[in-house]
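Enquirer: Please see the structure below; I have some questions.
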Amino acid sequence: MNAENFGSSERLVTAAYVRQGAQGRRGHELLLRALLEQGKCPEDGWDESTIELFLHELAIMDSNNFLGNCGVGEREGRVASGLVARRHYRLIHGIGRSGDISAVQPKAAGSSLLNKLTNSVVLDIIKQAGVRTVTSCFVVPMATGMSLTLCFLTLRHKRPKAKYIIWPRIDQKSCFKSMITAGFEPVVIENVLEGDELRTDIEAVEAKVKTLGAENILCVHSTTSCFAPRVPDRLEELAIICANYDIPHIVNNAYGVQSSKCMHLIQQGARVGRIDAFVQSLDKNFMVPVGGAIIAGFNESFIQEISKMYPGRASASPSLDVLITLLSLGASGYKQLLKERKEMFSYLSSELKKLADIHNERLLDTPHNPISLAMSLKNLDENNDAAVTQLGSMLFTRQVSGARVVPRGSVQTVNNYTFKGFMSHANDYSCAYLNAASAIGIKKQDVDIFLKRLDKCLKASRKGKEKSVNEICTSNTGTEQLEDQKVQT
């Protein structure tokens, strides 16, 4: 409805009522105008009707939704299922063109606008989360691992002689495979133990740079967010090494946007040294479906080079999901979630420590890890993998997801590389342990129910009642379920 149509409506409905309706629509349009002019996440979240109006306006700008459109090409935005069309708000053309994921599509102005706005809004949120000097970013419809691969492939053209990537060890397969997939040889730098924490061995990194030769190294591949007892890499020191030896630096910031400490490390690293790009997951940081990531950096031309490396068009679903989410939350709503996550981390830490004390275990001291916690499992038969891993099975069957039970001495081969002590980020960590994390969206009832179920599983394990995993794990019925409901309320 435009001004002319509202004027025509006055012939059918009382003019005062029509004008009131026009003012109501004007309220929605002012929000849209502010978004288009500023390109920033609104401070307060929008209601769903405004978001749906906005998406509908974008969709009718795409040629597949033109009333008189006649398509004779091989890609015309045709969709067989109405359910699928509605799921995507009829934004069917995706984003980008064959040569650049950030390019504008002539026959999809609405989808192109969606892409540009999403990147702009996400950039604003990254700045508000702590990386103030970031200059450019884009949403890519791949998860973190493949997005890292895209960064490495872009660097290949800048450093054709390079064959190595220096990688402080973190036992997570996708970041390791991202280097293999790109065709490079990972140079694993073992972590050093400081108290309970596993930290970056800066001296070993610099020694390896000197041994291999800077020109033969594609980049340093560092990590922020990780499972305790590993803690975020020493980004400032790594960034200084990269600047001194003119080596690119790519940071795996998978779920670090939700942590002010991780974002501060990136900001400081870029300030004192060199960080070329940092990659973060959409689902882990913004509570959207899996399938997207954000590639961001401090040099706009390099980030554009990465976007041009992406072959072909791309799905708009991750961009659509994160834009809807951020418009719904608003900047204030997202920052409130970050605040609640930090509060829940403190609560989880204090309560898990109490439970550890009860069972004569210990909450490992990992103050440099702002998201993940680890509790020792020394009193289980840690020389017997089955005794430790059974605890994980018991928790999972009792519907506790996300907790990791890490036995000692596990060996894992990934793409012909063998890791001793796999999952513990070290060849021989001092004890078996259990991980739990306070990630964005966690609630107090999640923590309370987890601790209650963990307590029961530990008691059952200690009493030797685990005749079989199924016997114990399926016992959470009847009275026990009612008790869990009491915890929730």
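From the backbone N, Cα and C atoms, a Cβ is placed for every residue, glycine too.
Found this in TrEMBL, in case it helps:
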type: BINDING; residues: Arg75; note: pyridoxal 5'-phosphate binding site
type: BINDING; residues: Arg97, Ser98, Gln105, Arg313; note: substrate binding site
type: BINDING; residues: Arg271, Arg398, Lys463; note: tRNA binding site
type: MOD_RES; residues: Lys284; note: N6-(pyridoxal phosphate)lysine
Enquirer: Among Ser98, Gln105, the binding-site residues in question, whose Cβ has the most other Cβ atoms within 10 Å in this structure?
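Expert: Per the Cβ count within 10 Å, the most buried is Gln105.
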Enquirer: In whole Å, note down how far the CA of Lys284 (N6-(pyridoxal phosphate)lysine) lies from the CA of Arg398 (tRNA binding site).
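Expert: Rounded to a whole number, the Cα-Cα distance is 23 Å.
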Enquirer: Among Arg97, Ser98, Gln105, Arg313, which the record lists as binding substrate, how far apart in Å are the two most distant Cα atoms?
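Expert: Farthest Cα pair among residues binding substrate: 10 Å.
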Enquirer: Hey, what's the Cβ neighbour count for Arg313 (substrate binding site) at 10 Å?
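Expert: Excluding its own Cβ, the number within 10 Å is 21.
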Enquirer: Measuring Cα to Cα, how many angstrom lie between Lys284 (N6-(pyridoxal phosphate)lysine) and Arg313 (substrate binding site)?
Expert: 24
Enquirer: Let's check the environment of Arg271 (tRNA binding site): how many other CB atoms sit within 10 Å of its CB?
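Expert: For Arg271 (tRNA binding site), the 10 Å Cβ neighbour count is 13.
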Enquirer: Select one residue from Arg75, Lys284, Lys463: among these recorded positions, choose the one with the most other Cβ atoms within 10 Å of its Cβ.
Expert: Lys284
Enquirer: Find the shortest Cα-Cα separation between Lys463 (tRNA binding site) and the binding-site residues Ser98, Gln105, Arg313, and name the residue that gives it.
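Expert: The answer is Arg313.
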